[in-house]
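K.L.:
Here you go, one structure.
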Amino acid sequence: MALVAGSAAYQVLRGVTGTFPTQSATLLARAPALCAHTMNRRRMSSSQQTDHLERTANTFRQEIISPAKVCGITNESATVKRVRLAIANREFTFKAGQWVDFFIPGVPKVGGFSICSSPGLLETEGVLELAVKYNLHPPAHWIHSQCALGSEVAIRVGGEFCFDPQPSDLPLDLVLIAGGVGINPLFSILLHVADLHKTREITGRGFQMGNVKLYYCAKNTGELLFKRNILDLVNSFPGKVTCSFHVTQQSSPICRELQPFITEGRITEKDLASYVSTDQLCYICGPPPMIESMCKQLQSLHLPKERILFEKWW
């Protein structure tokens, strides 16, 4: 999951200087889309990489730690479980793109999982969702082996990678680029974009959202999380929400529904060139090598680095 952010963002300069641990930085002006922080180039040891609290020690967190109860569990893919949590504290809020500290009774390690639902779902139904890939790290392993309906946990919101435009902000087009489970915070952003469009259509007020395109790469179509939800958004907002799915190790036939949206192979500069322009804001989440490659390609297309926001995960 996405656990540490490093970025430069629209109207904010905090630097994109490296790869892993965070350092403090200075906010120069408010961005309609963000929170970002500077990172240095020192690589972390394998033991450090497994400690979410260490990695994010200098990252913004809310003060509220809310009890939460598991009220839904589904298999999003063969390796990813989607968990719905009912949030007890009514003052608990988050911004699209943020993550949670995940506290499990009896499990000493604290998990760090990106939220994959929209802030609007929390406001209307009092729930949020996480999508957690299987691994042996204790919090993720607990979700896959012991988590059940009614399980009680506690969560706290953190993260400086978010999309939170205000009604007075200028219209904005987005590019979202995801690799693997890096889709989680970007799916939250995409759902929030849909909510902004709905609010504008119904009330004529609120932030005037521009267009958004999602580029999403995974090993195969089975590992493209939320793909049907994403296609529903594409169909609900024609021209305003578009997507391009990429698969790198597809061995089975691609179903007819997905075929128009699938490209076999990684996301390339040529793929990006068909949509990217210099006035857009780009969010990227995925493995560090992918992010480094995407940043270079976007800058080759003359997208200013201050408009590229990213979050790296392991």
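These residue numbers are counts, starting from 1, taken along the chain as shown.
Glycine is treated like the rest: Cβ placed from N, Cα and C.
So Swiss-Prot says this about it:
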{"type": "BINDING", "residues": "Gly180, Val181, Gly182, Ile183, Asn184, Pro185", "note": "NAD(+) binding site"}
{"type": "DOMAIN", "residues": "63-166", "note": "domain 'FAD-binding FR-type'"}
{"type": "SIGNAL", "residues": "1-18", "note": "signal peptide"}
K.L.:
Applying a 10 Å Cβ distance cut-off over all chains shown, what neighbour count does Val181 (NAD(+) binding site) have?
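P.N.:
The answer is 26 other Cβ atoms.
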K.L.:
Hey, which of the binding-site residues Gly180, Gly182, Pro185 is the loneliest by Cβ count within 10 Å?
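P.N.:
The binding-site residues Gly180, Gly182, Pro185 were compared, and Gly180 has the fewest Cβ atoms within 10 Å.
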K.L.:
Under DSSP, the domain 'FAD-binding FR-type' (63-166) has how many residues in helix, strand and coil?
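P.N.:
Final tally across the stretch: 15 helix, 49 strand, 40 coil.
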K.L.:
List, in sequence order, the same-chain residues at least six positions removed whose CB sits under 8 Å from that of Ile183 (NAD(+) binding site)?
P.N.:
Cys116, Tyr216, Ala218, Leu225, Phe226, Cys285
K.L.:
Using all protein chains in view, find how many other C-beta atoms are within 10 Å of the C-beta of Asn184 (NAD(+) binding site).
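P.N.:
Result for Asn184 (NAD(+) binding site): 31 neighbouring Cβ atoms inside 10 Å.
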K.L.:
Mean pLDDT over the domain 'FAD-binding FR-type' (63-166): what is the value?
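P.N.:
Summing pLDDT over the domain 'FAD-binding FR-type' (63-166) and dividing by its length gives 98.
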K.L.:
In DSSP terms, helix, strand or coil for Gly180 (NAD(+) binding site)?
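P.N.:
Helix, per DSSP.
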